[in-house]
């Protein structure tokens, strides 16, 4: 399978298979990445293969007869918690009843080029067993093997035309324990499985989305990441915008995007935007109580009325489909990135709840609003 870090390869540069990036986080978890709990996971070639082959099948009559898995078990390389849209701290997610399986899925990568990665539902515990819940769908295949689905399912969507500016959303499918592909169940936890889709496979491609019912992961191949803008590139774009000295058309004060390390703290020079029209201002308050309460406001430039929010740079480079300048913002959250990146994510239906889908900002997981889900930003240049 894969190794989560480079510590196992002291002698030479490790072979990197790709990365899994959790949607809803802007470059790191709210309180920082720690150990196996992080927003971005790199998959490297292990010194020694650790794949597990199927063997005996047992039926446990009661849940107590099966050893219950915990996220601290050694076979688990990466721990993913439920994503709460716009969460600013880990405490925001701890009150949520998790819907993610303890051993949610496993990814097996071929150790030789082209290093094909395949996804399977459920994972092996420390005794090399897979336990499916009492209500999970299970069946015997035509070749005599057991197959099944996890309680809430592992869904995968492969974009058409890869992860590029020309990408289009694919069809969401469910993956079984043996890696077979099925149409979706009527609801996430329904006991009746969907129809098998024999012409499709469980092979991941650059830009594949994996939904674990509580968290959605983006798979980026090493090759795909080599064409993605780096954090250094995003920082250069930030400095370029600030060097142009955009001004607030009301207060005439210079605006500046704060350092990427301060991506959650509103700065006094922070640009704000009227989401209905896209005019960028500094923060101003006319003393009106309704405006102080955060209700819709009227843009001083064009008189259109709508939400007024601070702008934040999208810092997770893996979500970008190109290296274009940050000219557009998602609505209603205000995360800024390239036009083609906003256009791409605004058309991707992400699973939500038990049977609905909606587009969301990849940087914070907020459901998109408005006609397009994003707006073009209109900056005012310096008057001198």
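Just so it is clear, glycine is given a Cβ too, placed from its N, Cα and C backbone atoms.
TrEMBL: automatically predicted annotations, no manual curation.
As given in TrEMBL:
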| type | residues | note |
| --- | --- | --- |
| DOMAIN | 67-236 | domain 'Pellino FHA' |
| DOMAIN | 241-384 | domain 'Pellino RING' |
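Confidence over the domain 'Pellino FHA' (67-236), given as mean pLDDT on the 0 to 100 scale, stands at 85. Across the domain 'Pellino RING' (241-384), DSSP classifies residues as 21 helix, 36 strand, 87 coil.
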